Amino acid sequence: MNHKAPIYLFLLLIVISPMGIDIYLPALPQMADNLQTPMANIQTTITLFLAALGLGQLLAGPLADRYGRRPLILSGLLLYIFGSGVAAFAMQIEVLWLARILQGLGTCAVSVGVMSGVRDSYSTERTASIYSYINGVICVIPALAPMLGGWLSETWDWRATFYFMAGYALFVTLFALLRLPETRPSNTISSPKLINWKQYQPILQSHTFRFNAGLVMLAMAIIIAFVSVAPVRLMVELDLDPTTFSLWFGSNALINILGSFTAPIIIRRLGQSRALKLAIAMCTLAAASILLLQGVDSPIAFMGPVFIASTGFCLTLAICCSAALAPFSERAGTAASLLGFFQMAGASTLIGIVNFLPLGSLQMMALFMSLPLIWYVVCRRKSNYEVCES
């Protein structure tokens, strides 16, 4: 019989996911100088973290079912702590890349364990509210973590942000050792194979899944591109200090929170198809705006289009995540893990590929903002039905 884990512990655990991305962003220029490496190499640390987070989705779920939620979470925390320590002492960019991969894998294990633990411990109605708390934490941390990271890097140096990550994860690990029970139900079925590729075939053959998963991936790529480009545009090109950068970066987190709350209202009033067209139009408008304003050396000329695209991102995810999973009620877990793989690993890989193109920071943002429209047009020409409808 499974035991309930306290809600506050789940919230403490999930913090390591957004913290692993946002707390060290103000220190990126300092890291490039200290490690004597191009900024593009430092930006790669973001995409490697997210790629590991996405790739791990395919393995962490089966591990949670086979060995339990508690071992997965504790192992993920230890891996996160180790990766943070390696990053803090890194003297070469290759070591930092390895550390970020370890952090991403650890984060994936913790996140999957938390989501599974919530589902194990509480009723369907209660689970929905707890997931909303978790999403709230994930949205709020990007508004706060850069300010803390900016203070740490200015007071000490960039390595202090990784010391903080390790320290926080150690604190939560001790808490989890004392208060986290095993929540896996006794009737849990685990596959003999950790990864059974055949189970993904019917999902990938679905036009509805491919269309919506593609839009989720491309929308996520906009946000990852922003996270990667923002330190370059705002601190290197516009010469903002870390504190001012953190305020501008955090303002977009507030836009995401507002967009997440308003998206259901827009969908109810317009319907999924029209709301999705609006979301794609917003991303396209943002792409045009950022190109038209590229000669204006002001933070708002960059952040204004980002605000528009972020609103489109929230609307796209609200529509396409549910639509992608709707046909697979009997294999929702498998479909969700595959969607998570596309969302994180797929988007990160796309970012990594585009980084090799000779594009400036604004041109890169405009490219990613325009991709949802291209995907929508290409897919709709190949299909004669409303693939966005669930």
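Every residue, even glycine, has its Cβ placed from backbone N, Cα and C.
Automatic, uncurated: that is what TrEMBL annotation is.
Summarising the annotation, TrEMBL assigns domain 'Major facilitator superfamily (MFS) profile' to 6-384.
Marked as transmembrane segment by TrEMBL: 7-27 (among others).
According to TrEMBL, the transmembrane segment annotation covers 39-60 (among others). Residues 17, 20-21, 28-29, 31-32, 72, 76, 93, 96-97, 100-105, 107-109, 111-113, 194-195, 224, 227-229, 232, 236, 337-338, 340-349, 351-352, 355 of the same chain lie 6+ residues outside the transmembrane segment (39-60) yet bring a C-beta within less than 8 angstroms of a C-beta in it.
Per TrEMBL, the feature transmembrane segment maps to 72-91 (among others).
As annotated by TrEMBL, transmembrane segment applies to 97-118 (among others).
Per TrEMBL, the feature transmembrane segment maps to 130-148 (among others).
Per TrEMBL, the feature transmembrane segment maps to 160-178 (among others). For the transmembrane segment (160-178), the list of distant contacts is 9, 12-13, 15-16, 19-20, 23-24, 27, 70, 73-74, 77-78, 80-81, 84-85, 87-88, 99, 103, 148-149, 152-153: same-chain residues at least six beyond its ends, Cβ to Cβ under 8 Å.
Per TrEMBL, the feature transmembrane segment maps to 211-233 (among others). Residues of the same chain lying 6 or more positions beyond the ends of the transmembrane segment (211-233) and with a Cβ under 8 Å from any Cβ of it are 21-22, 25-26, 28-29, 39, 43, 46-47, 50, 245, 248-249, 252, 276, 279-280, 283, 302, 306, 309-310, 312-313, 316-317, 319-321, 323-324, 338-339, 342-344, 346-348, 350-351, 354, 361-362, 364-365, 368-369, 371-372, 375-376, 379, 383, 387-388.
Among the features that TrEMBL reports, transmembrane segment is placed at 245-266 (among others).
Among the features that TrEMBL reports, transmembrane segment is placed at 278-296 (among others).
Positions annotated as transmembrane segment by TrEMBL: 302-326 (among others).
Residues annotated as transmembrane segment in TrEMBL: 338-356 (among others). Here the transmembrane segment (338-356) has long-range neighbours at 40, 43-44, 47-48, 50-51, 53-55, 57-58, 200, 203-204, 209, 213-214, 216-218, 220-221, 224-225, 228, 321, 324-325, 364, 367-368, meaning same-chain residues at least 6 beyond its ends whose C-beta is under 8 angstroms from one of its own.
The transmembrane segment annotation in TrEMBL covers 362-379 (among others). Remote same-chain residues near the transmembrane segment (362-379) are listed as 207, 210-211, 214-215, 218-219, 221-222, 225-226, 229, 233, 276, 279-280, 283-284, 286-288, 290-291, 294, 302, 305-306, 309, 312, 316, 351, 354-355, 387 (criterion: CB distance under 8 Å, separation of at least six residues from the stretch ends).
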Response to the item:
Checking 72-91, 130-148, 278-296 against the transmembrane segment (97-118) for Cβ pairs under 8 Å, the most are found for 72-91
Worksheet item: Residues of the same chain, at least six outside the transmembrane segment (7-27), with any C-beta under 8 angstroms of its C-beta?
Response: 46, 49-50, 53, 73, 77, 80, 103-104, 106-107, 110-111, 113-114, 117-118, 130, 133-134, 137-138, 141-142, 145-146, 148-150, 152-153, 157-158, 161-162, 164-165, 168-169, 172, 175-176, 179-180, 227, 230-231, 235, 242-243, 245-246, 249
Practice prompt. Would you mind giving the whole-number mean pLDDT across the domain 'Major facilitator superfamily (MFS) profile' (6-384)?
Written response: 88
